[in-house]
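**Q** Please see the structure below; I have some questions.
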Amino acid sequence: MAHRVSPEAQSGSVRLSSPPGRSHTSLKPSCICAPSTVSVVRASPRETDDGLVSCEGDTNTEEEKKKKKVVLVDFEPVSSPAAAARYHTVVLTVTCSMGRYPNITAPSGTGTEVKGRLHSRGFHVSLSRVCGEDAQLRSSCCHSQKSAAMDSFDGLTPRETVERVSSSLGCSPTSAQVASFLDKHDKLRHLREKFLVPKIADLPPSDLSLVDGTKDCIYLVGNSLGLQPKMARKYLDEELDKWAKMGVHGHTEGFRPWAWAENTLEDLMAHTVGAKPEEVALMNGLTVNLHLLLLSFYKPTAARHKILLEDKAFPSDHYAVESQIRLRGFDPEQSMLLLSPRPGEETLRTEDILEAIAKEGDSIAVVMFSGVQYYTGQLFNMAAITEAGHRNGCYVGFDCAHAAGNVELKLHDWGVDFACWCSYKYLNSGAGGIAGAFVHEKHKFSIQPGLLGWWGHDLKTRFQMKNEMELQPGVSGFRLSNQPILLVCPLQASLEVFNMTTMQELRKKSYLLTGYLEFLIQHYYTKDPAEPHKPPGVACDMREPSVLRVAPVPLYNSFSDVHRFIETLGSALAASSQ
């Protein structure tokens, strides 16, 4: 598990969290700035109550601060290998009176020695460790001047940002220079390095007479399947190796004991969806979880038996709701309330959703919507829908398949009753990855699962085999069986990357990235083509009857990806019209 550490407010303090004692070579960030006044810090690690391996140090005297010296941080291995092994990523920040260091070298050795020169502008360094291998040091934020450049666009629409950038550069708003500028000043661009981007030559089909097969493809299909995190293979190999060497003992030994490996990720997942860790469970697939949740939250009566959902909901949601209604002896024709956009419109207006809840509220048992509509991309006002549902006595749940890892969620604060999501789209866990479920803590003791399994039993007495259920409270009681460790590993690799930033920062980039795409499409294409064509060298997907779904993902897509896509799309359309 990764742990994200924020820089301390005091001048000259340092905090580290990581499996210590690894060797590190060839650690060279890209930015070099002028030196400034610094002090020397030395610290030894300790293990805190929560298992975090950390160390803190104080600056030297004010006299020392006036001297030009290098920063020296060193630490020795911690005595607890189990605690150390849990942390594979460290965010290391040294803050002094004049700023943070950018020019870092770290020679190999039994411990770690990090030396660098400070400068007067803020800088942030991320040190990613690979257990048993050399570490890799990358700058995790741009120079503060670059951050300031992007912050100056806060409050502007994407169109206004593009136009302001092009004006400052003296170029057209559609110029590739605009994309290059936005990429250069993107605080999250280093996260792309954490993923494997397919090469054009490996995409089926690719006509290599038209495109350079050695280049990275333009991957704009994270809404269907996210890219593979680079650490996924390592974590999978670790568990396969443990299985080979330890057999059944892998259930309770190693970095990720199989019997509760998913539990170690639930705090990271909870942070991503705006929940408390005890409100989140990683288990099963999305539709299985939706069925389990509806079994408990959908309690129809003769007067209140309807489920409200959007028309054209994802088929799996539609089928699940339909079958749950039939299971309780009701007719979907009468109990399934489907809400469509107004004639001539493609998305639902929030006021129409709220009006439907108010009008039909006395007969609605559950309001069940998507967080983000899979076909139109509409982000629903989940807070307003939840409030309206509760005001009318309804339970409110959401399918967050296209929302989790994509938009900022506040499931707990909004008071959402239940939610579920897959993890292979924006959460990058791989096809068929382990899914997530949420039950608000207010239902901790009032809502119980309709189906029971061994894994819902309290862990402290689970293996006593008394066949007397001691149900875990809340969503944990919905667990049925142990989770596949090989599905846990890639999810861990992805959530560690999410933990290097915040959903607020990702959403901020996503808004500009998608707005830039929309700006270019509106500039070049006033009408949708009658027949969409997948451009060569581009990974995207199609939906009937004539829709190309294009989804730039802020974790790994760049503004140049978007510009390349528009250029490639134009070439493909021109070729198809000849």
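Every residue, even glycine, has its Cβ placed from backbone N, Cα and C.
Residues or ranges marked as region 'Disordered' in TrEMBL: 1-30. Among the features that TrEMBL reports, domain 'Aminotransferase class V' is placed at 266-523. According to TrEMBL, the feature pyridoxal 5'-phosphate binding site maps to Leu286, Thr287, Phe314, Pro315, Ser316, Asp317, Ser370, Asp399, His402, Tyr424, Trp454, Asn482. Per TrEMBL, N6-(pyridoxal phosphate)lysine is recorded for Lys425.
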**Q** Within a 10 Å radius of its Cβ, which of these binding-site residues (Ser316, Ser370) has the fewest neighbouring Cβ atoms?
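**A** Taking Ser316, Ser370 as the binding-site residues, the minimal 10 Å Cβ count falls on Ser316.
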**Q** Considering every residue in the domain 'Aminotransferase class V' (266-523), what is the mean pLDDT value?
**A** 97
**Q** Rounded to the nearest Å, what's the C-alpha distance separating Ser370 (pyridoxal 5'-phosphate binding site) and Lys425 (N6-(pyridoxal phosphate)lysine)? Just drop the number here, would you?
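**A** For Ser370 (pyridoxal 5'-phosphate binding site) versus Lys425 (N6-(pyridoxal phosphate)lysine), the Cα atoms are 15 Å apart.
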**Q** When you put Lys425 (N6-(pyridoxal phosphate)lysine) at the centre and draw a 10 Å sphere around its Cα, which of the binding-site residues Leu286, Phe314, Ser316, His402, Trp454 have their Cα inside it?
**A** His402
**Q** Please list, in sequence order, the residues in the chain of Leu286 (pyridoxal 5'-phosphate binding site) that are at least six apart in sequence and whose C-beta is under 8 Å away from its C-beta.
**A** Ser316, Asp399, Ala401, Cys420, Trp421, Cys422, Ala435
